[in-house]
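What Swiss-Prot says about this one:
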type	residues	note
BINDING	469-476, 519-523, 573-576	GTP binding site
COMPBIAS	51-96	compositional bias 'Low complexity'
COMPBIAS	103-154	compositional bias 'Low complexity'
COMPBIAS	184-196	compositional bias 'Gly residues'
COMPBIAS	197-206	compositional bias 'Low complexity'
COMPBIAS	300-333	compositional bias 'Gly residues'
COMPBIAS	334-345	compositional bias 'Basic residues'
DOMAIN	460-632	domain 'tr-type G'
REGION	34-363	region 'Disordered'
REGION	469-476	region 'G1'
REGION	519-522	region 'G3'
REGION	573-576	region 'G4'
Amino acid sequence: MAKPRVHELAKELGITSKEAISKLQELGEFVRGASSTVEPPVAKKLRTAFPAGGDSAPAAKPAAKAPAQGVKKPAAAGPKPGAKAPAKPAASGNAARAEKPAASEAPKAAAASSEAPKSAAPQQGTAPAAASESSAPGTPASSAPRPGGATPGPRKSPAPGAKPGQSAPRPGNNPFASQQGMGRSEGGAQRGGPRPGGQQRSGKPGAPRPGNNPFAAQQGMRSANSGQGGPRPGGPRPGGPRPAQSGQGGPRPGAPRTGAPRQGQGGPRPGGPRPSPNMMPGQTTSVAPIGSRPAPGSGPRRGGGPGGGPGGGGGFRGRGGRGGTQGAFGRGGARGKHRKSKRAKRQELEQMSAPAVGGVSVPHGDGSTVVRLRRGASLMDFAEKINANPASLVTVLIHLGEMATQTQSLDEETFQLLGAELGYQIQVVSPEDEERELLESFDIDLDAELEAEGEDVLAPRPPVVTVMGHVDHGKTRLLDAIRNTKVIEGEAGGITQHIGAYQISTEVDGQERLITFIDTPGHEAFTAMRARGAQVTDIAVLVVAADDGVMPQTVEALNHAQAANVPIVVAVNKVDKPDANPDKIRGQLTEYGLVPEEYGGDTMFVDVSARENLNIDELLDAIVLTADGALELQATPDKNARGVAIEANLDKGRGAVCTVLVQSGTLKVGDSIVAGAAYGRVRAMFDEMGRTVEAATPSRPVQVLGLSTVPRAGDTFLATQEERTARQIAEKREAADRNAQLAKRRKRITLESFDEAVAEGKIDTLNLIIKGDVSGAVEALEDSLLKIDVGEEVQLRVIHRGVGAITQNDVNLATVDNAVIIGFNVRPAERVTELADREGVEMKFYSVIYNAIDEVESALKGMLKPEYEEVELGTAEIREVFRSSKWGNIAGAYVTKGLIRRNGKARLVRDGNVVQDNLSIDSLRRFKDDATEVREGYECGIGLGSFNDIHEGDIIETWEMREKPRD
């Protein structure tokens, strides 16, 4: 089935493509445009976010018309009394949707309309069917009773001649009425469809027609027998009689109307808000007869009073307000009021009942409600989980003493603080669970694939062996002896600084067996690499130098292997040296749980010498025996490849080169793969010797070309059916990693520390850009540098890291952020050095990792603000006080220790107590001459400025602040 495109989904959901793209981005999906295709799970999520619509709005009109279709329409037997005014504007729109009238009725309506102005007096007792002669305009309708109160439901047609002829407004034509439409005809003829637009019906002569009063509670035709001739309940209305409205033969207020045939009775009613009765145009006030409508000046009557209830005929209905039309459109009732949905009512109730924190209402949990959040989530993500307003969560967080924005990535500690306040248990999804959920969204379940593999599809695979140990214990040289190569000669400083993967063949018991070796660094900075090597291996070979013994990295490698639950083979190296002691090594490793077989344990120890090529075959035999005896190594070759990226680097001619280890399946040239945030199609594969490989089977390490970027060492890779799927997985992984990094870098600023940070100024920060030859070395260097701690005054921040030569973009970034570029086994590209010199960017290059660590640590210490300490200069005893009107009190003193310096800091001590601190020696004289300093054993005169509280026997101590060297 073809995958849907964004614009197709937008059309299906009744939204624009821009809204669909925006919603997909909110859901974490990245699409390039409206023509991009999306996966079925993504389309399902979008359909859930936007329920399919498009028919709901048009369906409202037929629903509104439904009651009117079953009501009998009046027969247009007579004309409207004398209506000659300009055509009504609203009628033109309705006429287009009205049915054509009968051919025989149209001439009658036209003839009746022409005779209407000739009428001079109302015709009493004339039947509606014979209403060709109508009353003259302006004739008072004093004897006409008011139509009775409306009752819901269909009404019977009034009998002909039941009402006296009286000029009355036509129902359903009031522009201010809440509902428009015609009621039943007086002739009793039933009409199944809407009233023809070109036909006019005759009104009841001599009586005002209902449905035309803008102040009436109910609009529409009323039953003819509901209130004929009888007095209105409650007595006549005050205000005097009212003559027939002058607008009966002319235009009515609000919407001018001509004597043209009425149109559009079956069409939709005019929309727009209903005006207030107080805004209606004024009407002539006169004495109204019994049963007539009240004058506007008398004011509308509220429901519950006389004339307000059903049957009262006038005023407002008992339920108050202008109501819906009864009679003309079936069942009537009170005015149409917008009813809130149950969901809206529930949300309002929750908001009203939610406790207020910091002045805002936020939904609270019961203390056991679990909320799962991804790494680097923001307050918007948390608000979406608990159905709250993100701005309210910002207010709550400020109330708790934390400052953050709605879209800022927060760490787990901040979410735990917020969750504890609101009654939620926050669970931040681990990277493994996040990766599994990401793949499941693309219908990729690695665990289910492993469980579905049967014995018939499994095939034996070679063991993967990781060589681990302390630095300079001979791991790489041992591999050189196994492979008959000289890899160690190419290592800087003689130490391995990246992972190497090789596959060799050896003959064991007459059979050729393949073994895959992974060489890991032994330096302490490469802890992550050793842990990564232990995770992908089947057997660990622990190399220990016989002359050096067990070292810290030996114990660390041992712990990594035991944590990964892999069997260990110990290779005691350098046994050819005179001071070698293999038995000592066996005894030391026994303390860590590795008991040799000769001591009754289950760990194989082999004494080897990589330099002398001693016992290499015995070591290979031990590896194969361990694999056959303790492990059952099988994999499925007939499926999409799965594996791990061992190492990656950026080659100048070939681009991103990634060394991958296939764990299951078969990787072929042309497959679409994704490794971490890198994706692409396999263009070529090479083995460790540089030979071309067409297909890589399980446990085979190969170099892959064709990835978009350089993945990180340790990223898992998998082959997909389509490159589009690989790209989407990579983009989601990149977004998740970016959010996690932002949350990790966020410096928590509390309200208490905010003022202090502003007062102290910005904290000194050393920005670094790290470029290396391989991604594993860059990762190790970054981790080691971030562990340097010289105090809170100076911070280290890595603003960019990458693989490959230093480019102009790196220099430009360093210029903007005042950063230092560190190159690890790389050199700058062409003309980059000149640009760096011109911009004043410092670049440092290293080939050994611990040299870079030492220099960066020294630079950080140099950025520390100096510390000062108080150093005592000397003391002087006051032996006599000289009082001067010009200079104040002068102390005649004898220097007992050190020296007294002019303008130095001083304090006055009396009987062992400090009388005054932070004094300054303003004047210092030796006899009558000014002196800069006076040393021990001499007398002098000391003036302490404006401080005159000195006595004989007081001690003057002088001191100064000196910079203290930082450790």
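Any Cβ shown, glycine's included, is placed from N, Cα and C.
Confidence over the region 'G1' (469-476), given as mean pLDDT on the 0 to 100 scale, stands at 81. For G469 (GTP binding site), the number of other Cβ atoms no farther than 10 Å from its own Cβ, over all displayed protein chains, is 28.
Working note on the binding-site residues D472, K475: by count of other C-beta atoms within 10 Å of each C-beta, K475 ranks first. Secondary structure of the region 'G1' (469-476), assigned with DSSP and counted as helix (H, G, I), strand (E, B) and coil, comes to 2 helix, 1 strand, 5 coil. Remark: secondary structure over the region 'G4' (573-576) totals 0 helix, 1 strand, 3 coil, with classes taken from DSSP.
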